[in-house]
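K.L.:
Among the features that TrEMBL reports, signal peptide is placed at 1-20. Taken from TrEMBL, the feature transmembrane segment applies to 168-190, 197-216, 252-276.
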């Protein structure tokens, strides 16, 4: 009976840990606005994203100037955009621009274009950089406070579609983490051998970490399908953002695997020392 109770607690602990790890990652990295900005800041250090954003910025600035009747020096604008995205200030401003996208997903305060619910990437914070202000100022133009670029996604998506998910994410992640700790403790209390129970909990972490890696590999196809709705430089930006998010989740899974390995080794040592002590007695 004690073995069955221990086994049940261990299974519940494993299941809860499988929920806790991805939900805690999602809460801290995607749902939380600061976490999402941090993700964008990290992605903005990638040279591919910098080149793609330079092309997007150059295109939009040229269009902005042409609409106002100015002869555009293409080479100069391209150079300014490339220099800007390579500047250390770019990651922070790119993160600020991405907050608009986060609001689109998790709140009702979407940035609207001509009364539509279209998702946009606002280039305004980036154009506020001194290099662009000086360039536009040479033509007698002020930098626009907002310069939205539409992002084409599935028509089924609407502003605030993930609001409820974001609202529950905190409770689910915290609840799963607390319950994981509770049932892990119950597993230790119910087990005849503390060392074996610790090793078993380590195996739980190893299983969750390995399952997470496998799940990401399977989900990769669906992610690629979703990204295929984008094209050109925006696709490159999205690729890097998704890749950065996947790398972040991989890091969490690696920590889970490492913790599992430590618990297994520690559990084996405790079990071995316990066996030696019983022999001495």
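Just so it is clear, glycine is given a Cβ too, placed from its N, Cα and C backbone atoms.
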K.L.:
Can you name the far-off residues of the same chain, 6+ from the ends of the signal peptide (1-20), with a Cβ under 8 Å from a Cβ of it?
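P.N.:
Contacts with the signal peptide (1-20): 172-173, 176-177, 179-180, 183-184, 186-187, 190-192, 197, 200-201, 204-205, 207-208, 211-212, 256.
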K.L.:
Short question: which residues 6 or more past the ends of the transmembrane segment (252-276) have a Cβ under 8 Å from it?
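P.N.:
Beyond its ends, the transmembrane segment (252-276) has Cβ neighbours at 17, 21, 24-25, 193-210, 212-213, 216.
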